[in-house]
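Peer 1: Positions annotated as topological domain 'Cytoplasmic' by Swiss-Prot: 1-216, 281-433, 455-525, 577-622, 644-908. Annotated region 'Disordered' per Swiss-Prot: 64-162, 751-779, 809-878, in sequence order. Look at Swiss-Prot and you will find 217-237, 260-280, 526-546, 556-576 tagged as transmembrane segment, backed by sequence analysis. According to Swiss-Prot, the feature topological domain 'Lumenal' maps to 238-259, 547-555, an assignment based on a curator's inference. Taken from Swiss-Prot, the feature N-linked glycosylation site covers Asn259. Taken from Swiss-Prot, the feature compositional bias 'Gly residues' covers 813-825.
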Amino acid sequence: MADGVIARLMSGGRGARSFYEELRGRDNVSDVDDRAGLLDEENLNQHFNDYDLENAEGLRLEDSRATVDGRIPRGRAQLSGRPPRPAATTHWGTSHDDDGDNDVPASLLVERYDRGAAPLGSPGKPRSQHAGSRAHPAPGLSKGRTHQQRPHIDQELQPPLHSDAAPSSLLAGAITGNAKKMAEWRWANITNLDSFMQDVYSYYRGSGMWCIVVERVLHLIKVAFVAFLLTFLSQCVDFKKIPSNQKLSQVLVPQCTRNMSGLWNIGLWLFAFYFMWKSIQYILDLRRLTHVRDFYIHLLNIPDEDMQTITWQEVVARIMVLRDQNVRTTRTITPQNQRWVLGSQSKERLDASDIANRLMRRENYMIAMINKDILDLTIPLPILRNRQLLSQTLEWTLMFSILDFVFDPKGQVHQEFLRSDRRGILSAKLRSRFIFAGVMILILSPFVAGYLIIVYFLEYYNEIQKNPSILSARSYTPLAEWKFREFNELPHLFKRRLDMSHPFASHYIDQFPKAKTSMVAKTVSFIAGSIATVLALISVFDPEMFLGFEITHDRTVLFYTAVFGAIWSVARGSVSEDNAVFDPEYALGNVVEYTHYQPEHWKDRWHSADVKAEFEELYKLKLVIFIEEILSILTTPFVLFFSLPKSADQIIDFFREFTIHVDGLGYVCYFAEFDFKKGSKSQAPAATAGEGDVRDDYYSTKHGKMEASMYGFINNYARNPKHLPPAMRQQFHLPPVFPGITSPTLAGDLAASRMGRSQRGRSKGPLPSRTPRPGAVMAEPSPMASILLDPRHQPIFPNNMSFVNTGHQFRGGNQGDGHMMGGGSMEEDVKGAARHGQQTHDDESEDSRAGLDESAWQVSPTKDLSRENSGRGLDSVVGEEAGNGAGVVHMLYQFNQAHLNRRLGGVR
């Protein structure tokens with residue numbers, strides 16, 4: 001909507017189609033993936049046309065009929081570029097309605113190994129269905145369905161084509177089917193996993209449905225109270241009458257609402273519009289909250305009472321268990337819809353890394369742009385030309401101008417940004433968005449500044465009056481938070497990491513000697529404290545004089561006692577403690593351990609004044625941050641008008657160069673995949689050493705951001721307990737006698753056992769083996785393996801990459817130069833390994849590009865469904881694999897299921 005308004009304003013109101021409409025239209029018509037060869041049409045087993053979706057019943061493998069008068073839409077035939085052909089018969093001509101046999105045959109399902117399971121449906125019996133039932137029908141909407149009691153949930157591989165398949169209301173769902181069946185049906189028919197995972201995570205951060213509802217109601221009450229209080233004090237009270245009157249009724253302005261100014265009336269109308277809009281939005285959102293609550297209660301077995309205490313890692317684990325219980329269904333769908341599902345909406349990509357990538361898809365790009373200094377945030381004013389300022393106001397405008405422009409409503413990157421020939425027009429449109437955002441900030445700046453000042457004053461005045469020392473409290477600036485934030489780090493995990501660093505950061509700032517400041521502060525505190533003490537003693541002997549005696553005009557003893565008491569508190573807080581020990585290495589070392597931020601020039605200089613000054617720019621007084629936030633409302637338009645348009649070309653190039661496509665996940669930031677090997681391989685064939693260094697700098701992050709992000713991510717989801725002190729954590733776990741189900745070595749063996757004969761014949765390198773060969777770069781089992789990560793995301797380090805050499809050590813270890821980020825980085829180690837072992841690297845890269853069938857522990861995922869094997873049952877396929885020596889895989893699969901159920905308390 002906003003994009004359309006901008007386009008019409010820029011085009012002068014012409015009736016031509018806007019740029020954003022054309023952008024969305026090109027995304028729907030053409031896909032760059034088709035031209036880039038990201039999808040192998042040859043492996044789809046059958047070629048479908050676009051018009052086959054409307055006549056999908058004729059494509060059933062068990063039945064094929066011709067129709068007498070079958071037609072296809074004219075527009076669709078023209079788009080396909082082929083002459084129209086007779087379509088299959090439609091279900092309108094059928095004389096019977098067999099809803100009981102409306103399910104996918106068991107031969108087309110790849111599900112858990114269960115020999116006792118009854119077959120679902122009859123594959124040899126013809127089926128017919130109504131026009132509006134192509135998507136999964138809601139539970140209870142069809143009569144005589146006996147397959148609703150099955151324990152599994154079918155995964156929808158195409159978006160619902162008709163809305164009448166969904167339940168009409170919650171009441172209808174409650175009458176015709178229980179809440180669990182409704183939750184299962186909604187889970188099976190999710191069409192946007194990014195939006196769904198955002199809802200799940202927002203529900204978790206809000207601590208449940210009722211906490212979210214209470215928070216929203218209190219927000220409306222707070223906003224209404226502020227509007228009423230300001231209107232009453234500014235328009236309905238005559239302050240000139242207060243000295244001569246003793247009652248409130250005597251100073252009120254009669255009919256004050258009729259005498260208000262026009263500007264205040266506009267403000268009240270804007271408030272009324274906001275209040276009504278948010279109220280309607282909250283009421284309509286109750287349905288979505290109810291659906292998410294049912295998902296937590298019935299599918300994840302997490303009641304609302306546990307939402308305030310359960311960890312996010314436990315939620316992810318239960319989502320993975322739900323994913324593993326979900327069978328995969330193949331349907332006769334067009335290649336376009338199949339590309340849509342396999343491209344970004346596969347539920348097999350739902351481990352901890354994939355969920356974080358979906359939640360942080362937009363923020364990862366912002367983290368990378370801040371890290372690589374893509375954005376020019378300098379203030380174009382003579383006195384502040386070399387100063388960068390990132391306020392919340394500027395952050396909101398960046399989200400609107402850049403991210404809302406790059407991403408489509410489905411959360412994917414627009415295809416136009418991946419084409420180099422569209423660089424010029426996209427850069428021009430981005431500059432126009434910057435200018436439009438600057439104009440809107442200029443218009444809204446008086447209202448925003450006034451609102452922030454009033455709310456801040458009402459919220460913190462009493463706290464400052466009771467404890468003036470909080471004026472010296474510090475916090476990280478918004479720019480520092482974006483510099484510290486890591487790829488795939490969720491907001492609540494990032495906040496916890498920063499909160500743990502605050503005591504050490506304050507200790508680092510306070511311990512530096514402040515001789516001159518301490519001497520002045522001691523003198524000021526002595527004088528102010530003496531005057532306050534004298535006034536307090538006088539008030540003890542004569543309380544009436546304390547209240548009525550005026551030291552200056554209209555200023556009593558009480559007033560000056562409060563003033564000098566506040567001065568004494570502030571001055572006393574500026575004095576260094578007498579028993580303070582100067583040890584900046586210890587304090588800043590702990591800060592670096594939690595923030596994971598240490599520029600190269602900070603090493604061996606933690607005690608210097610330059611490092612302290614740089615750190616103070618990142619860790620400022622809260623009062624200074626608030627003043628900068630108010631002033632940024634005035635400086636943000638200048639940044640949007642003059643500084644950021646210079647970065648438009650670099651921003652467009654950044655999204656084109658650092659956007660990759662992951663099957664089942666969609667387009668993500670390159671750094672968020674933690675693919676060190678891929679980056680080193682692409683950078684290896686440089687012409688000269690100088691060119692190689694330039695490319696390495698361009699395709700890598702600064703300050704070891706990607707390496708620190710990977711270690712931080714593994715630390716959040718690994719089995720290493722985080723509630724213990726760092727010195728007591730186990731640095732290495734000895735491998736068990738029988739390899740655990742999360743062991744990377746076992747994952748490699750399972751991948752080898754699941755590899756088909758044709759894949760083994762095309763393999764470039766030797767098959768994985770537990771016995772290392774001399775001179776080969778073998779993957780070592782990582783001590784940080786996690787059950788919340790699929791095998792493709794488990795941390796595996798080659799022999800020539802040392803985990804200790806990266807310098808990541810805990811506080812209990814060595815605290816020398818390599819306290820946190822000493823030694824060579826992982827990116828450099830992997831680049832060196834790629835240059836010395838290209839063949840081995842190619843083999844590992846070939847293994848890492850596994851299909852979506854390897855994203856979950858399956859019994860027989862190597863047997864692709866086709867016309868040749870679709871007629872056979874699942875037992876025959878399993879029998880073939882058992883005959884080929886896959887019985888151990890079944891045993892390990894059962895061991896995995898038992899391990900998961902025991903770990904998650906029997907969640908199924």
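Heads up, the Cβ atoms here are built off N, Cα and C, so glycines get one too.
Since we're looking at a predicted model, the values are computed, not measured.
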Peer 1: Quick one: give me the count of other CB atoms within 10 A of the CB of Asn259 (N-linked glycosylation site).
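Peer 2: Its Cβ shell of radius 10 Å holds 10 other Cβ atoms.
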Peer 1: Taking a Cβ cut-off under 8 Å, which residues six or more beyond the ends of the transmembrane segment (217-237) line up next to it in the same chain?
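Peer 2: Beyond its ends, the transmembrane segment (217-237) has Cβ neighbours at 251-253, 256-257, 259-260, 264, 268, 271, 274-275, 278-279, 282, 454-455, 458.
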Peer 1: Residues of the same chain, at least six outside the transmembrane segment (526-546), with any C-beta under 8 angstroms of its C-beta?
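Peer 2: Sequence-distant neighbours of the transmembrane segment (526-546): 556-558, 560-561, 564-565, 567-568, 571-572.
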Peer 1: Of the residues in the topological domain 'Lumenal' (547-555), how many are helix, strand and coil by DSSP?
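Peer 2: Going by DSSP assignments, the topological domain 'Lumenal' (547-555) contains 2 helix, 4 strand, 3 coil.
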